[in-house]
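Peer 1: I have a structure here, written as structure tokens, and I will follow up with some questions on it.
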Amino acid sequence: MKRNMSIQQDHGISWDFMGFTRNVPRVNQVESNIVVGVLDTGIWPESPSFNDEGLDPPPKEWKGTCQISPDFQCNRKIIGAGAYRSENLPKGEVLNPRDSKGHGTHTASIVAGGLVRKASLYGLGFGTARGGVPSARIAVYKICWSDGCYDADILAAFDDAIADGVDIISLSVGGSKPKSYFNDSIAIGAFHAMKHGILTSNSAGNRAPNYSPPQMSLHGKQYPIIHGGDAPNKARGFNASTSRFCVENSVDLSLMRGKILVCDSLLRAATMASFTGAVGIIMQGTRQKDYASSYPLPATYLHIAAANDIQLSSPTESTATILQSNAVKDASAPSVVSFSSRGPNLVTLDILKPDLTAPGVEILAAWSPIAPVSGVVGDSRSVVYNIISGTSMSCPHATAMAVYVKTFHPKWSPAAIKSALMTTAFTMNSKLNTQAEFAYGAGHVNPLKAINPGLVYNASESDYIDMLCGQGYTTAMVRLITHDSSACTSTNTGRVWDLNYPSFALSTTPSESINQFFTRTLTNVELRASIYTATVFAPPSLRITVDPAVLSFNGIGETKSFRLTVQGTVSQAIVSASLVWSDGIHDVRSPIIVYVLNKP
């Protein structure tokens, strides 16, 4: 299940934001028997978030092991751990599950970390840190190292997680370019997990740089300011036209020493590490200021309009200071942050991605104390909780909500759980997110409604194979994914529009006459009999019909099918609509998106 990222938070209460307080109904005994497999950079087992006080021994069905060493021990919270590396280890790294990067510790604690009072990052986000399902167990599969995450290690970790008996997999990892399914280790691993009844929650990806730092300050002390253009590194052949942007090695280190450096561009944290001797950085640019990041020295970011108000009298007379950031409530939340990857799904154009949004901006969670706070080598600060942003943070929020649904419905398939989360999601505002469903999918996850969706769109292994065969995949290609005797024949060549997915997507060309139908099947998950009526919300340019428009269910497990037909023309890049099946109690909503395909 692909997860996109949204919500602008300046504190660690992302669960409360979505109405998921500590007092929500829980099936605690079931929750404590669920094992979340976290495929990431490892874990810091000594973190207070992974204290096992009050937990019973691991579930009897658990088959996993812990890679124990003098440097690493599991407990009743972290019940499995292993490290995976098919290539030679990077210099300085050790083949064990301990997290030296912080990322895996952060994501694991978002899913299932225990309650820790008085957590903060230098006072920011002060409060109680907690995971979404704090009683659940964690199994750690370290697949990522300082030089990246290798396909062979991802697949090996998937195989072991499945064999160990995890219930859900959380994977805050993704590539920068789309791949065919048979070349995509995550798609292959997720397919095999699905075959064994295991849902995989995967992040959508980040496509923008970091800016606007949160935690370091100069404590109110004034320091001289120097503009990068006044300090070119002439010895290296640079002049003011280049040094004003503070590109690497362009500024004379001796001239910036003890001063705040002003740069006419937005810098990456790694670039700042080379500014030895500078006490701070002031940056400017035109990017949105909708999330904050860490830097290895005090820094601030100004929009170009505000930066134009800065007037330097002379390099020797102008002074400034940089104060610590403060937390504020963002009234626009939930909205999709600028760096979050967008659709469409370039591998299968008529399957909508992302599926959902969940909190992922400025999330306070556990951290490895040996990992740089800013992620930059040389940043010697040590913290046990950090605030970072990314779809990597959104993914474990969604994972935890999938676990929460599973605690109420342990026998549900991965597709049923995903359907419940998608069809009950909070709708998002397209005025705040111009890419509409390509930014937020079905909407923002709504866990309390997801445990009682009324109807679900179910799907099985054969449904996905039929879709692949219909997309032109050969038997050989399909077997690279399934690793079994599956074959594409004349009887299982399915249309992509018939995959029983909880959303509808259709690509087209400008002013093309559209006449396309989709088929879907709904499964009743309520004990009682019910009658559902279809309502379509669509703009005038589209005529969307549903046949039949009324579905009657006599009891739990009964299925009914329908056809949705889209007709009309579109001239806009994206046209959004939706289908809602309602029985007066449940509203089962699916997004519909028709978009113009930009062909090269």
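Cβ coordinates are placed from backbone N, Cα and C, and glycine is handled just like the others.
Unlike curated records, TrEMBL annotations are generated automatically.
According to TrEMBL, the protein has these features:
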type     : residues : note
ACT_SITE : Asp40    : active site, charge relay system
ACT_SITE : His103   : active site, charge relay system
ACT_SITE : Ser392   : active site, charge relay system
DOMAIN   : 32-443   : domain 'Peptidase S8/S53'
DOMAIN   : 498-594  : domain 'Subtilisin-like protease fibronectin type-III'
Peer 1: For Asp40 (active site, charge relay system) and Ser392 (active site, charge relay system), determine the Cα separation and express it in whole Å.
Peer 2: 10
Peer 1: Count the other Cβ atoms sitting within 10 Å of the Cβ of Ser392 (active site, charge relay system), across every protein chain shown.
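Peer 2: Ser392 (active site, charge relay system) is surrounded by 27 other Cβ atoms within 10 Å.
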Peer 1: A 10 Å Cβ contact count, applied to the active-site residues Asp40, His103: which residue has the minimum?
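Peer 2: Relative to the other active-site residues in Asp40, His103, His103 has the fewest Cβ atoms within 10 Å.
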Peer 1: Need one number: mean pLDDT over the domain 'Subtilisin-like protease fibronectin type-III' (498-594).
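Peer 2: Looking only at the domain 'Subtilisin-like protease fibronectin type-III' (498-594), pLDDT averages out to 94.
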Peer 1: What does DSSP give as the helix, strand and coil breakdown of the domain 'Subtilisin-like protease fibronectin type-III' (498-594)?
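Peer 2: The composition, in the requested order, is 1 helix, 61 strand, 35 coil.
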Peer 1: Provide, as an integer number of angstrom, the distance between the C-alpha atoms of His103 (active site, charge relay system) and Ser392 (active site, charge relay system).
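Peer 2: Counting only the Cα atoms, the answer is 8 Å.
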